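These features come from Swiss-Prot:
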type	residues	note
DNA_BIND	8-27	DNA-binding region
BINDING	Cys81, Cys117	Hg(2+) binding site
DOMAIN	5-74	domain 'HTH merR-type'
Amino acid sequence: MEDTMHTIGKVATLAGVSTDTLRYYEKEHLIEPASRTAAGYRLYNDEAVRRIRFIKTAQHCGFSLSDIQELLTLKRTDSACCEDVRSVAIEKRLRIARKLRVLQAMSAALNDLIQSCEGGAA
């Protein structure tokens, strides 16, 4: 079954991003148009829409565009195996755990500050 081809505006609407975001993703090699019209307009297939949604979800989960690029490259590469993807995911999880410890320490410090000011004295 052949994918439906979409203009950049339609893909932006379907994926919930701006056309500028799509152009940026293309510049960063996260996506690429499936083809171009005779006039040079970008045309994207349904896979591009899925890919953009994956990128946005991964960003929402805290992955950087660099992390996402690495995951997408692993997915595209025939030689990539589950172990490669697993290694990237483990490294990301470790970074998140480190950030979480820092945030917990900051939260504890803020709690101490709040408690020290509970009497209303300035």
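From the backbone N, Cα and C atoms, a Cβ is placed for every residue, glycine too.
The DSSP breakdown of the domain 'HTH merR-type' (5-74) into helical (H, G, I), extended (E, B) and coil residues amounts to 42 helix, 7 strand, 21 coil. Looking only at the domain 'HTH merR-type' (5-74), the predicted model's pLDDT averages out at 92. Under the DSSP three-state reduction, Cys117 (Hg(2+) binding site) is assigned to coil, being neither helix nor strand.
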